[in-house]
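Right, one structure below, let's go through it.
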Amino acid sequence: MSAAGRLWSEVVPPLSETTLRTIRERFGFETMTPVQAAAIPLLLSHRDVVGEAVTGSGKTLAFGVPAVEILGRKKQASRGTRCLCVAPTRELAAQTARVLAELCEPHALVVATATGGESSGDPKGDVVVGTPGRLAESQLETRELEILVLDEADTLLDMGFAPQIGDILRRLPKQRRTALFSATQTRAVDELAKAGLRNPATVRVRLGTATPRELTNEVAVVPTAHKLACLVDVAARADKTLVFFDSCAAVEYFGLALKRVQQFPVDALHGKMTQKRRKAVWQTFATTQKMCLLCTDVAARGLDAAVDLVVQFDPPHAPETFVHRVGRTARAGRRGAALALLADHEDAYTELLRLRGVHVAETDPGDFEDAARELRDKVREAAIKDRALMELSTRAFTAHVKSYLEHRLKYIFRWEKVDIGATAKLYGLLKLPKMPEISKAKAEGRPIDFDRADVATARVPYADKVREQARQLRNAKPPKISVTRKRPAPPTDEHQKKKRKKKKGRNAQILEEWDDLAKEERLVKKLKKGKITKDDYYDALFRDDDDDDDDDGNDDDGRAANSQQRQRTKNIKKKTDLKNKRMAKYTAARARQTSSTKRRRR
């Protein structure tokens, strides 16, 4: 029998009756998937495993079943962590914890979670599932750790969690079993496997394509202004739809807009929401029979909620992310569909996916011109009645422009080819925002087919009475009067001449002082060597000052003002004080030297 159809009872070493009954009764599985059939025997035989398999292939049970078997066979009196599972997102950690809890309960094993947004206390359980940041901060008792699992390892590294994973690995015992699972194998994943695993066995399950066979994966080229109408059409015909956007702002905006104009349930999920809100939204989506969930890539990995249709409203930056997104449907043998919406100038993306081993079929979704116009009018009317929706539309539009400009596949997703007017219509803008990109496009003569709404946007109110009252209070405050300071007149030639003369005088004075200090230093050296006496030193010092005074008097005869004379007197006094201080310091040093010499002679 092939590995893809092996029974759970055929695993070697054999699984316990408790585990077999749990898999059969709680999960309803009779046979193993290829990755399960390959990885479970290796982990049970004390081998480290690096697993690569398409998304939705049953990787959670591939490490969950061995973990439960290992912990169940060796009962532990203490409550230290014996199995640690690291997941990239809170939602994936929560879902993995639920699956492991089903496996662990018959074995009397406790499962705990450690994710951001929860209480700051350290989790306590035989099995702990968490996100890297939270686990790195926790003080877990891991001396008895048996198995470590790094789930969705490529995403862990792509999200920048390598330092946290390094901290976690350094705190764990060396004698452990480690399982690393990923949908794609990258160089970073290989380096992590070399650093954290000991002589691992590689499990690579490929089905000839990067997506499951049960998946109907299609791409539709749709005019930009018609994309929202196309989304509404396909989502209305499916039970559970997951829609991916390129920014949190777009998720918020379209979520609110569709709630205002459509009849079927719509909600939003993105990374900037609180943990409590994210958990509630995902739980509602998982338990509701018909719903459309708009999200960012926070929901692109590992989450399983029996999704019927995945729509990629904005194509991702990486083809690997495309695979992870469509992997939210057609999981564990179920059938599913995926649809990617592309603009006319983005059709080369289809060929790129095929080159990467992603099977996609092109489809014609139909004509949505009338439906798009009607839907846009409804959204605009809703925005005129609610300032929050108007502001969200502008924020989502600017976020989309930024995302497009930063797209990794610039040779396909070129900003120069984007229809700015159609994009503004798609986002239901009442007016074009002031952006350098739009100003530049206008200056270059790019056509922008967009009609501003006939409404004063400054007067659009909030539907929320509290927010509108606060806005009215802000507007009621008197405007700040800006005082424009008069610029100083440019300096005249006479002013510049005086300034140069003054600067020249300061420079000459500085040079003169340096000459005096150099002359004084030479006299001090002669005095130290005994070439001159102290009287000679003072005569030379003050004779120079007297000569300077005579010279200054001759030079300024008939021309010097009283102020200049006072300044010279002040300079001479300053020099004299400086020379006296230096002489006092020299005399004290000579006295100390003489005293020290006398003591040595005694």
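One-based numbering along the chain as shown.
Any Cβ shown, glycine's included, is placed from N, Cα and C.
Automated prediction, rather than curation, is the source of TrEMBL annotations.
Beyond the domain 'DEAD-box RNA helicase Q' (8-37), the same-chain residues lying 6 or more positions past its ends with a Cβ under 8 Å from any Cβ of the stretch are 1, 44-45, 51, 53, 57-59, 61-62, 65, 68-69, 72-73, 102-103, 106-107, 203, 205, 332. Sequence annotations record features per position, and here TrEMBL assigns domain 'DEAD-box RNA helicase Q' to 8-37.
Per TrEMBL, motif 'Q motif' is recorded for 8-37.
The domain 'Helicase ATP-binding' feature in TrEMBL is assigned to 40-203.
The feature domain 'Helicase C-terminal' is assigned by TrEMBL to 227-376.
The region 'Disordered' feature in TrEMBL is assigned to 472-508 (among others). Counted with DSSP, the region 'Disordered' (472-508) comes out as 21 helix, 0 strand, 16 coil.
Among the features that TrEMBL reports, compositional bias 'Basic residues' is placed at 497-506.
Among the features that TrEMBL reports, region 'Disordered' is placed at 541-602 (among others).
Computed over the motif 'Q motif' (8-37), the whole-number mean pLDDT of the model equals 91. DSSP labels the residues of the domain 'Helicase C-terminal' (227-376) in these numbers: 67 helix, 30 strand, 53 coil.
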